Amino acid sequence: MKTGHFEIVTMLLATMILVDIFQVKAEVLDMADNAFDDEYLKCTDRMEIKYVPQLLKEEKASHQQLDTVWENAKAKWAARKTQIFLPMNFKDNHGIALMAYISEAQEQTPFYHLFSEAVKMAGQSREDYIYGFQFKAFHFYLTRALQLLRKPCEASSKTVVYRTSQGTSFTFGGLNQARFGHFTLAYSAKPQAANDQLTVLSIYTCLGVDIENFLDKESERITLIPLNEVFQVSQEGAGNNLILQSINKTCSHYECAFLGGLKTENCIENLEYFQPIYVYNPGEKNQKLEDHSEKNWKLEDHGEKNQKLEDHGVKILEPTQIPGMKIPEPFPLPEDKSQGNINNPTPGPVPVPGPKSHPSASSGKLLLPQFGMVIILISVSAINLFVAL
């Protein structure tokens, strides 16, 4: 039986696609400038309270795979959360996102690969993030989970963890720094290089989080490293292996992109360190917790105190409208606000008051005149009465 030209072309294309899928591709280690690296430092509460819960509902409804992964992790988290120490501000959605990513990453599922590739490319522009990134809520909750579980560098960087990859390449020169560009698991057991193409990364992380307590069974030390932690890269001996030493900083091209922040030309260092307070009391179900969480700011002097954000390349984007979703107006950036003053962020847009949300409504504060105005009104009334008499 003769095979037609069309059938031959189809078979060749199918073969090429299969080869591309199963081929182990070399990983380039660099600053991952196309990754979506927002840390939401200036808009954490606004995002968490006002926008992300609705985003999660919409993204789960439109992405069946995400919905399945989330619901499976939700059940695991419910059974696990009473057995581990947690910071006071650590919420269920943080734990669910963490459990979901750990499970999918360990099993190397299609969802893990889909999410990782999306994160690595969604930062090309704000439009790519807004229109093309399907995991905005998942990314937010996972980022916040790692921030809240973070410990001081002195405690986390003493022990080396390892990661292997097929033919990782790094171009030495300049600062010799790199970021992974996606959330990365590393292990305490050093693997043996099976061939010359396998690269072993020895990683000393400051901002990575030990996650073995989140697993169902005891295991070796496993560390989840944030995508934007900056490492100093050096070569180990004469082979392909590399040493990655954290500089105890992250850097980001984005800050509150969902609220209008544009991509900066340079990767801006984030100098905020979160000092969580941990709680553990599984026996008391209705335990009431007071929020004693605090942030210890380690701010460095980068020039004048009132240095403008424009000096760092921060730009403001006009609001972009997505069909079926409300995107808030971009946050204004005052000229006298310094880059380091992230403890007093610029107020966001005020929503239109709804029922019982305005101060004059029955559920709010009464709008009373000031005391001085009351005195003036009484005086005027008395004068008018005296004149009339």
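Here the Cβ of each residue, glycine as well, is placed from N, Cα and C on the backbone.
Positions annotated as signal peptide by Swiss-Prot: 1-26.
The disulfide bond annotation in Swiss-Prot covers Cys43-Cys256, and the record cites similarity to another entry as its basis. DSSP assigns Cys43 (disulfide bond) to coil in the three-state reduction, outside any helix or strand.
Taken residue by residue with DSSP, Tyr101 (NAD(+) binding site) is part of a helix. Per Swiss-Prot, the feature NAD(+) binding site maps to Tyr101, Arg163; the stated evidence is similarity to another entry.
Listed in sequence order, the residues of the same chain lying 6 or more apart from Asn248 (N-linked glycosylation site) and placing their CB within less than 8 Å of its CB are Cys153, Ser157, Cys206, Leu207. The N-linked glycosylation site annotation in Swiss-Prot covers Asn248, and the record cites sequence analysis as its basis.
This prediction places the mean pLDDT of the region '3 X 10 AA tandem repeats of [GS]-E-K-N-[QW]-K-L-E-D-H' (283-312) at 40. Positions annotated as region '3 X 10 AA tandem repeats of [GS]-E-K-N-[QW]-K-L-E-D-H' by Swiss-Prot: 283-312.
The repeat '1' annotation in Swiss-Prot covers 283-292.
Taken from Swiss-Prot, the feature repeat '3' applies to 303-312.
Taken from Swiss-Prot, the feature region 'Disordered' applies to 325-362.
The annotation GPI-anchor amidated serine is assigned in Swiss-Prot to Ser362 on the grounds of similarity to another entry.
For the pair Cys256 (disulfide bond) and Tyr101 (NAD(+) binding site), the C-alpha distance works out to 22 angstrom.
A distance of 23 Å separates the Cα atom of Cys43 (disulfide bond) from that of Tyr101 (NAD(+) binding site).
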